[in-house]
Amino acid sequence: MFKKLFGQMQRIGKALMLPVAILPAAGLLLAIGTAFQGEALQHYLPFIKNDIVQQIANMLTGAGGIIFDNLPIIFALGVAIGLAGGDGVAAIAAFVGFIILNKTMGAFLHVTPDKLSDPTNGYANVLGIPTLQTGVFGGIIIGALAAWCYNKFYNITLPSYLGFFAGKRFVPIMMATTSFILAFPMAIIWPTIQNGLNAFSEGLLDSNTGLAVFLFGFIKRLLIPFGLHHIFHAPFWFEFGSWKNAAGEIIRGDQRIFIEQIREGAHLTSGKFMQGEFPVMMFGLPAAALAIYQTAKPENKKVVAGLMISAALTSFLTGITEPLEFSFLFVAPFLFVIHAVLDGLSFLTLYLLNVHLGYTFSGGFIDYVLLGILPNKTAWWLVIPVGIIYAVIYYFVFRFLIVKFNYKTPGREDKKSSVTTTSASQLPFDVLKAMGGKENIKHLDACITRLRVEVNEKSKVDVAGLKSLGASGVLEVGNNMQAIFGPKSDQIKHDMAKIISGEITKPSETTIDEEVSDDPVHVEDIVETEIYAPGHGEIIPLSEVPDKVFSEKMMGDGIGFVPDSGEIVAPFDGTVKTIFPTKHAIGLESDSGVEVLIHIGIDTVKLNGEGFESLVNTDEPVTQGQPLMKIDLEYLKEHAPSIITPVIITNQEDKTLTIEDVKQVDPGKAIMTIK
């Protein structure tokens, strides 16, 4: 029960990142516009008082402000897309649900435009609808409901006379119905919830604000490894606390209040739950990176320098800390606890110094300049001496503890072989043993990239053993294990099934090819090779592919391809090496030795070949642009979670992969180069 709830919370936290990612762009527009309208910048640059410049500044402020004014609908759309695997139908359903919910609540409560004049009654004008103000929480609820409707009904089958409304078209219909029903209990119970949130947040701040900001910083940092920090900070940033703007509207949430006060040029009272990040991200963590570099073994310092410089710059400029934090989190968890304590103390220190700083994305230098220095509404310069002190503390604490406890931070690892030597014929037996034996197997399956096993007891699975046998990654979702063995996954599954049934009793009877289990093919002799688009469509970053195996590069680097036609073509001159039985994936090797996997859609293995027609055979030579596969795009859109098609280099090793800066492509467009 707990594991299932934890997994759902992680998914929600990740989904919140999509709407949050919009805020930096809005904040940039707002910050620049506000700075040009402010007296501080006008004093040094008097020419910006020009009417045309001020008109542009006003438009910039308005363009940024409109995003913050409509955060509830943005969160509804973003959460729906995030929880539905990126499908736009969920966003349409969320929009339908959002307007129906607000219209129905407004009508049920008899909210009229006249009642909006008193903001204390909890009413607001939402997209032109006089209704009950549910804020960002209301948007998140609608987004989650839309995603539930999508995941529940996207492949529903209806009688033939209602066939037009089957599949994804049924999702907005269900969302309209459920949001209409939801409006009545929401209208009744939400005022009580809102009053409770207000009382809690105001009581928290009034009783001991210093303790509150310390605990916020400390707990938020501790939740990062679990991916739950987005859920934790959302109420503080978007709901807790209130402030009345010049128009008499009640603004809720520390971040929203900060942005509104910056926009109006008002006295700053907000930022308590944001400002503590600046000394840590701009000074503390980069100093920790220096300590990690200096404690690395001499022979590893060159590699560690590259890693730490990149991570430190990322933290300093943007406030993105995960690349640096995850370099020591798992090998030295005590260091991370110390880091969390220092983070909380940073919040407390800036609160005691009466500094009021905020951000739209994170506590990096970019936000520090745009929303701290340029508006010049608070003692922003105090961050610098506090940050210098923090840099000294982080450096010496990290260096001392790393050496004292011999933490295996980057560059200090013990040398050891990462792959167990095993014959190809023995591999299925060893994998079965690592999965806990045949008694532990509840369900066995595979696709072209991974072995999918549902086990009875996850504690019996030897994850490290699976990796030592050649798995490039192991995903754990409840009792479902996914071991990434690449193209040999289906062969391993086939032999494991026969071992379990008793048809195979010794390694010599396995069918897995010897060459498949050898060490990865080396590519030292590969000459520069251009890889072309596998069809007409759009290129997206691999990180946006809604499947961790691909987005986290467990299979290798590459891109995501969103096809807009029903034909997949060869990306280079070469040979077809593998066609999966369900035809949803194809492996190719270029004449120069580059191996590429084209995985058409996400979870399309479950379609059992429906919607795919192979035009080539295994071991058949192909030329760049030659059709490989016909796909029924509409069928895939209706029955697969996503049509995004990862195109992966599976034998890159130490070669350099350059991804071209292109978006809309056709088969004659180069998308990657490896050399």
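Heads up, the Cβ atoms here are built off N, Cα and C, so glycines get one too.
Under the heading active site, phosphocysteine intermediate, Swiss-Prot lists Cys447. Annotated active site, tele-phosphohistidine intermediate per Swiss-Prot: His599, in sequence order, evidence recorded as sequence analysis. Taken from Swiss-Prot, the feature domain 'PTS EIIC type-1' covers 3-414, and the record attributes it to sequence analysis. Among the features that Swiss-Prot reports, domain 'PTS EIIB type-1' is placed at 425-506. The annotation domain 'PTS EIIA type-1' is assigned in Swiss-Prot to 547-651. The annotation transmembrane segment is assigned in Swiss-Prot to 16-36, 59-79, 81-101, 126-146, 170-190, 211-231, 273-293, 303-323, 328-348, 355-375, 378-398.
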Chain residues in Cβ proximity to the transmembrane segment (303-323) (below 8 Å; excluding those fewer than six residues from its ends, i.e. six or more beyond): 224, 277, 280-282, 285-286, 289-290, 292-293, 296, 359, 361-367, 410-411
If you draw a 10 Å sphere on the Cβ of His599 (active site, tele-phosphohistidine intermediate), how many other Cβ atoms land inside? 28
Do the transmembrane segment (16-36) and the transmembrane segment (170-190) share at least 3 Cβ pairs closer than 8 Å, excluding pairs fewer than 6 residues apart in sequence? no
Is the transmembrane segment (328-348) in contact with the transmembrane segment (273-293), using at least 3 Cβ pairs under 8 Å (sequence separation of 6 or more) as the test? yes
Give residue numbers and ranges for long-range contacts of the transmembrane segment (355-375): same chain, 6 or more residues beyond its ends, CB-CB under 8 A. 20, 23-24, 26-28, 31-32, 34-35, 38, 40-41, 254-255, 258-259, 262, 268-272, 274-278, 280-282, 315-321, 382-383
Below 8 Å between Cβ atoms, which of the listed ranges 126-146, 170-190, 378-398 makes the most pairs with the transmembrane segment (81-101)? 170-190
Remote residues contacting the transmembrane segment (170-190) - C-beta distance under 8 A, at least 6 residues beyond either end: 89-90, 92-94, 96-98, 100-101, 104-105, 108-109, 132, 134, 138, 141-142, 145-146, 149-150, 152-154, 156, 158
Need one number: mean pLDDT over the domain 'PTS EIIB type-1' (425-506). 82
Translate the DSSP assignment of His599 (active site, tele-phosphohistidine intermediate) into the three-state scheme. strand
